[in-house]
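Enquirer: First the structure, which I've put down as structure tokens, then a few questions once you've had a look.
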Amino acid sequence: MNMEDYRGVWVFIEEKDGIVAPVSLELLGAGKWLAEKRKTELAGVLIGENVQELAQTVVEYGADKVYVYDDPIYRFYRTESYMKAMLACVEKYKPEILLYGATSTGKDLASAVATDLPTGLTADTTQLDVEEDTGLLLASRPAFGGNIMATILCKKYRPQMATVRPKVMKALSRNNGATGEFIHESIPIKEEDIRTKVLEIVQTTTQRIRIDEADIIVAGGKGLGGPLGFQVIHQLANTLGAVVGASRDVVEAGWIGHHHQVGQTGATVTPKIYFAIGISGAIQHIVGMQNSGLIIAINKDPAAAIFQAAHYGIVGDALTIVPMITEAFKIALGREGEVDARKV
Amino acid sequence: MLHIVACIKQVPDTKIIKMNPKTNTMDRSSAPAILNPYDAHAVEEAVRLRARYGGIVSVLTMGPPPAVKAIRKCIEIGADEGYMITDRAFAGADTLATSYTLTKALEKIGEITPIDLIVCGKMTIDGDTGQVGPGIARRLDMPPLTSVNKVTELNKAEGYAIVHRKLEDGYEVIRSTLPCLISVEKEINEVPYSSLPNMLRAARYQPHIWSVSDLKDIDKTQLGLKGSPTIVSSVWAPKKPQGGQLLEGEPNEQIRQLLAVMLEHKELFGATAGGGVS
């Protein structure tokens, strides 16, 4: 492998229902910075059906060029069809760095592509940098359940690949009308070559605000004592118009569903206000919420690690303190006596 | 006969692991070695599928000799056979080298009894990558199906499986040809307490143990550290958060202070009402 042949930073553009995934825009922002350090270009790889219009969006968020695979066979994400397109593109144009969102699609695709190329792949990266002269990608990520951070290098193979957690990189502001190059690509691929079929797609969370998109999160932990203790969390969340979050241990204990989990194995969140209530503050939780705007911790134990991560802390029993906060808020917001129609 | 193989790993319990504050390294001795929790769900799913469709369940692990305990745990869950590959040549493997090595062992297992389905946990709690399962699938030229939270149907006679794959906002129903590889989410099942007969069998169970010389057509340059394109160049403790201010005074006074801070963000409240309830 001749390293010199590999130039440019690429981002896999994840698309669904005609919309570019936010993480792909974030990666274009991060990729632009890497490309500028390397004095090279930033490209997006866009695979889908009727995705031509999105290519313009990709350019407006920072890409110099977009490789477009537009074909009905790509209507749904499937490992085999997307992988074949990506492999063909990498072999033809040889990027030095290739980034994917650490989503179910991005991780699935990256793992398959890495094996076939083969090359190194760093999972769930939270920090990226590049050595200007050597082009070596410094991909850093929490390891061992978030107990340490590790920087992973791939010295001998190209492209250097990483999946990157949503919400940790920043998208550039959109440059409307920006121009770039669109390169239309296709590969000989037939439906009967693809061994998986998507029979149905079922959306279950359209009505519910996703935790990673919430402005305010009220999260509870083991300190609430039991599933019933979570009622005070729901009441405060309803009063504030917030989404309920949870630590890993209460999810594992079955007090609340998995999609509420914040942390290393749950969602990374960046709300404007984050309440950590009865949560001790294991590092696995902290890595998932430490970039929140205003962090308020409530815990019985004044030595709890969560207070180190919080802007404001109250030492006390959540079951006593939280209802007092809820009431005080109803009064402050003029919702005194309001009947809460939303059942907990 | 339906043959399901679960790939499993023994890992340090990262919930209990302690850091040495002087060296910023992990004190591995502080953490008990356990069966990777996601893999317990993989084995349980294999056992449940065997209950529905018949057949046998094998488990495979790569690891140092003490990892035999993780295999015994899988026998407790209900697996029929355990295979362990252990050799110094495997040490230091990243996900690419690990998937290569496991694939070589799977080829050998498949020669004994052809494999219809491989089941992996979503990821390991020490590596956290989720990449080994898809890597094995690619090397064996099977469709990889990640994030599976339900197996609706396995039809060996007609050669297909139907599964649900979890997505960020729901799930998709996929039909795949067999053999295929699935990596499963933990909500796919609950692992019950082990039965007494399984525990008794597990206590006595001796897995098949292979070293590198037992595997065929091995390219030694693809094993262990040598075969790993990624290297860990440095590790450090995550930055310690700054630490804020503990509010003081009577509870009512603390809440008054908190309210004052929060009301600076008054525009947020109620804006997303409707969330909150699971």
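Each residue's number is its place along the chain shown, starting with 1.
Note: Cβ is positioned from N, Cα and C throughout, glycine not excepted.
Please treat TrEMBL annotations as automatic predictions, because they have not gone through curation.
Heads up, here are the entries from TrEMBL:
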type: DOMAIN; residues: A:9-198; note: domain 'Electron transfer flavoprotein alpha/beta-subunit N-terminal'
type: BINDING; residues: A:247-248, A:261-265, A:278-285, A:Asn299; note: FAD binding site
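Could you tell me the structural context for the features on the list?
Expert: In the shown protein chains, 22 other C-beta atoms lie within 10 A of the C-beta of A:Gly281 (FAD binding site).
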Enquirer: Quick test of understanding: given the binding-site residues A:Gln261, A:Gly263, A:Gly281, A:Ile283, A:His285, name the ones whose C-beta is under 8 angstroms from chain B.
Expert: A:Ile283
Enquirer: Here are some binding-site residues: A:Ser247, A:Gln261, A:Thr265. Which one has the most Cβ atoms within 10 Å of its Cβ?
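Expert: Of the binding-site residues A:Ser247, A:Gln261, A:Thr265, the most buried by Cβ count within 10 Å is A:Ser247.
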Enquirer: Non-local Cβ contacts of A:His285 (FAD binding site) (under 8 Å, 6 or more apart, same chain)?
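Expert: A:Gly221, A:Ser247, A:Arg248, A:Val262, A:Gly263, A:Gln264, A:Ala276, A:Ile279, A:Ile306 - these are the non-local Cβ neighbours of A:His285 (FAD binding site), listed in sequence order.
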Enquirer: Looking at the binding-site residues A:Ile279, A:Ile283, which one has the fewest other Cβ atoms within 10 Å of its own Cβ?
Expert: A:Ile283
Enquirer: Taking DSSP as the reference, which of helix, strand or coil describes A:Gln261 (FAD binding site)?
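Expert: It is in a strand.
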Enquirer: Considering every residue in the domain 'Electron transfer flavoprotein alpha/beta-subunit N-terminal' (A:9-198), what is the mean pLDDT value?
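Expert: A mean pLDDT of 95 is what the predicted model shows over the domain 'Electron transfer flavoprotein alpha/beta-subunit N-terminal' (A:9-198).
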